[in-house]
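All remarks here apply to the structure that follows.
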Amino acid sequence: MNTLELEHRFEEIYGKRAEHTYFAPGRVNLIGEHTDYNGGLVFPCALSFGTYLLIAKREDRQNRFSSVNMDRSYTANANAFEDKPTAWIKYPIGVMKEFAERGSDVWGYDLLYYGNIPNGAGLSSSASIEVVTAVMLNDVTKVHLDMTELVKISQKAENDYVGVNCGIMDQFAVGMGKANHAIALDCASLKYEYVPLHMEGYKLVIANTNKKRGLADSKYNERRSECEQAVASISSRHPITFLCELTPTEFGQYCTSISDPIVYRRAKHAVHEHARVKQAIDALKAGKLTTFGQLMNASHRSLKDDYEVTGIELDTLAEEGQQLEGVLGSRMTGAGFGGCTVTLIQEEQVDRYIREVGKIYKDKTHLEATFYIADIGEGARKLN
Ligand code: ADP
Ligand code: MG
């Protein structure tokens, strides 16, 4: 749906014209997986697809919520903060609650959302709907918060109101993205750097496994606690707060204090993945896409063998992709166990890649993968 069609839909639903339109992208993490809670760098970029929000003022103290992506519409007032809706409106209402607690009047709007990011695929449609709501509220309530503040508010809404224990990478990439750049982000300090991606002749293709997320949450918590165990073991010899404080060489010196072989492999992934992000940044600054691709492949292998968060679906997509002509690198992205892969590939090989990998994937898993050619877009903003 384009913005003109969305304006028509808004009029159909609310019987009046939309006054403003806002947009927030989805995001994909290019490398640096499971490094955020280990004090390391992540390397996401904003996508050209995302969530649109059209609004108009109302005369009363209610908000009406519709989404092109959802069947049901909802009406809510200030009681919603306590009632905690279970439907999708918990994302925007969580953000509204944060604004209300800061003294803003968030009621009296008709809202229409539309997203072209697949939901629940690890491309952060949740961060996108939160941040687009925050950008809208920042505009209409004229509080003039800067984008990093809107990013923090959105994360807090997801943590406290929606109840998902996510880090800040998603909201940060969605809010702060820059066209044709990835963001090297330290999630603990929020220090960041834009790194240009010179992609002439190459494309990023995202492949969705379309696997239902099952184990992801419990395994995520398990990995976090395994990493905490590794920190405790290493700290008995060499005090650290996070695994990613260590270089691979230092890890080699101190890792003998980890007795559990599984914990050792988890820690090895975190330390080496952080080192790979730094190498990836250097490679991209030097225009070495081939090196970047090799780092993507190494990242996938580490997530498969050491961190054990892949599975047959992600492995098939990534490993079959890596075999094909014109593919520089392919890896799982996101927390794992499902979700998507991201592949760096020569533009003229994209069709063949989609055809061949799609077929092998279907034969092996009996699932249909969905492919998206991703352009790296701007962060969240007001469109008009
Ligand atoms: P992800 O962030 O990986 O896409 P999540 O489970 O975190 O997956 O968030 C997906 C949820 O966000 C959806 O189930 C829905 O509740 C909400 N959501 C995202 N985009 C939209 C949209 N355009 N309209 C309505 N709800 C949306
Ligand atoms: Mg999400």
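Keep in mind that glycine also has a Cβ here, set from the backbone N, Cα and C atoms.
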Of Y192, Y194, Y202, Y220, residue recorded by TrEMBL at the substrate site of E33, H34, T35, D36: Y220
S125 (ATP binding site): secondary structure state under DSSP, collapsed to three categories: helix
Candidates G120, A121, L123 (binding-site residues) - the one closest to T35 (substrate binding site) by CA: L123
Candidates R27, E33, H34, D36, Y220 (recorded positions) with Cα within 10 Å of S124 (ATP binding site): R27
Contacting binding-site residues for ligand 2, chosen from T35, G120, L123, S124, S126, Y220 when the Cβ sits under 6 angstroms of any of its atoms: S124, S126
Residue among recorded positions R27, E33, H34, D36, Y220 with Cα closest to the Cα of S126 (ATP binding site): R27
